[in-house]
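Peer 1: Following this message is one structure expressed as structure tokens.
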Amino acid sequence: MQLNPAEISELIKSRIEGLAGSSDIRNEGTVVSVTDGIVRVHGLSDVMQGEMLEFPAGKDGQPSFGLALNLERDSVGAVILGEYEHISEGDTVKCTGRILEVPVGPELIGRVVNALGQPIDGKGPINAKMTDVIEKVAPGVIARQSVDQPLQTGIKSIDSMVPVGRGQRELIIGDRQTGKTAVAIDAIINQKGQGVTCIYVAIGQKASSIKNVVRALEQAGAMEYTIVVAATASESAAMQYVSAYSGCTMGEYFRDRGEDALIVYDDLSKQAVAYRQVSLLLRRPPGREAFPGDVFYLHSRLLERAARVNADYVEAFTKGEVKGKTGSLTALPIIETQAGDVSAFVPTNVISITDGQIFLETSLFNAGIRPAINAGISVSRVGGAAQTKLVKGQSGGIRTDLAQYRELAAFAQFASDLDEATRKQLDRGARVTELLKQAQYSPLSTALMGASLFAVNKGYMDDIQVKQVLAFESGLHQFLKTSHGALIDKLNASKAMDKDSEAELNAAIAAFKKSFA
């Protein structure tokens, strides 16, 4: 058979044209070792710190991803995000050229997701239009605005003595089983109708505990404006470490668009332990309490992203779509202490990063004072400027009464006969302590809280038995709602008390007291 050169060239041309070639040049490496979710990879020359690496697919047919953390001379140390049992020595690893990203946007509201933003609530896929990187630089000094708007938690002892402002970082610290999560959940429930989107990040908790939190939020109607990011105790240390940054990125989406968001990290002690585990497996040198040297930076770079940003920042970020609006991300990090030791490594770090702390004490909790907040050592460094005038006007006396009561109560144990003034202070302090008790999942509006504080400050509760104080308060609230609804609406709207309102409130409390038996 004679072959014509023209035919051969035509055949080669058609073959070349029909070739579906790929111009996808990817840096590839080989797995050298796999231990406890840590993979050593050889041959990745152009990998970035924090880059996503693509590993072979698992049982579900989806590729597994890892996070490059250690960049050494001839190998890369990476953590696998998720299952790693199917990865073996000699497998091919590819660079993706992307930093780890999670879905963001309003589509996530009302859903429970894992640390990578994948739904785990069985309600179908999340069709988020955007993704964003989990590691971002916090807003600079010029982009920030001072904290001067209140974020009401609805908890009397916090809003009166340790107020929180929008854009603040307020630490909740205490031993296990002192009600730390309950305080944070109450704060989320109280944001209903306040225009605040909430993100609850559960790190290293039991799946049953997270389920209970989600159920409580659903019953209170709070899931309508809340995203839950869950990294349970059964998930890898890498997922627990990443989850806080994922939640923060989801919150920043709202902050950068001139909206307000609240994020709860429950809790950062477990995140630090997860990071310690990852670091030790990567053979990084251990420091104090075996934590790596950068554990302070771990939390500071996370909490610095919670801020109030000014209108110029929002306008520049949205390219002029949103004008004249400031955005905020308020953080309530939780830290668990061991036997009340706040001088341990991680607690002291987070105390120094945050703008104040709420101390919860086991002794108060066991004595039935719940929320078990120690007002003496709890402080809010910037929230005072953001406190509502109504509560601020009534709370000065409360803090003084409590401080004097604690001091005198210690002496009164040894003194047999007390003068009249001391007796009065002890009685007032006992009533204030009783009044600051509050049931879980029952946050108060600004007006009702102001009315309670007003009543105790004006002496209306001085002749009521201590055990009757909460019943008096509950009855007063019901009376005000039914008979003085207009006054309550006015106080809630203005968040301040003028002379007319004060006179009406005085008359209302006096009228109720006559009927209270």
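Cβ coordinates come from backbone N, Cα and C, glycine included.
Marked as ATP binding site by Swiss-Prot on the basis of sequence analysis: Gly174, Asp175, Arg176, Gln177, Thr178, Gly179, Lys180, Thr181. Per Swiss-Prot, site 'Required for activity' is recorded for Ser378, and the stated evidence type is sequence analysis.
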Peer 1: Would you pick out, from the binding-site residues Arg176, Lys180, the residue whose Cβ has the largest number of other Cβ atoms within 10 Å?
Peer 2: Lys180
Peer 1: Among the binding-site residues listed here (Gly174, Gly179), identify the one with the smallest other-Cβ count within 10 Å.
Peer 2: Gly179
Peer 1: In the structure shown, which of the recorded positions Gln177, Thr178, Ser378 has the fewest other Cβ atoms within 10 Å?
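Peer 2: Output over recorded positions Gln177, Thr178, Ser378: least Cβ neighbours within 10 Å is Gln177.
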Peer 1: Work out how many Å separate Gly179 (ATP binding site) and Ser378 (site 'Required for activity') at their Cα atoms, rounded off.
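Peer 2: Roughly 15 Å, rounded to the nearest whole number.
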Peer 1: Using the CB centroid of Gly174, Asp175, Arg176, Gln177, Thr178, Gly179, Lys180, Thr181 as the ATP site centre, which other residues of the same chain sit with their CB within 8 A?
Peer 2: Glu336, Leu360, Thr362, Phe365, Ala372
Peer 1: Quick one: what's DSSP say for Thr178 (ATP binding site), helix, strand or coil?
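Peer 2: DSSP assigns Thr178 (ATP binding site) to coil.
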Peer 1: Ten-angstrom check, please: count other Cβ atoms within 10 Å of the Cβ of Asp175 (ATP binding site), all chains counted.
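Peer 2: Around the Cβ of Asp175 (ATP binding site), 18 other Cβ atoms lie within 10 Å.
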Peer 1: In whole Å, how far does the CA atom of Ser378 (site 'Required for activity') lie from that of Gly174 (ATP binding site)?
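Peer 2: Here the two Cα atoms are 11 Å apart.
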Peer 1: What same-chain residues, at least 6 away in sequence, bring their CB to under 8 Å of the CB of Thr181 (ATP binding site)?
Peer 2: Ser209, Val213, Asp266, Ile334
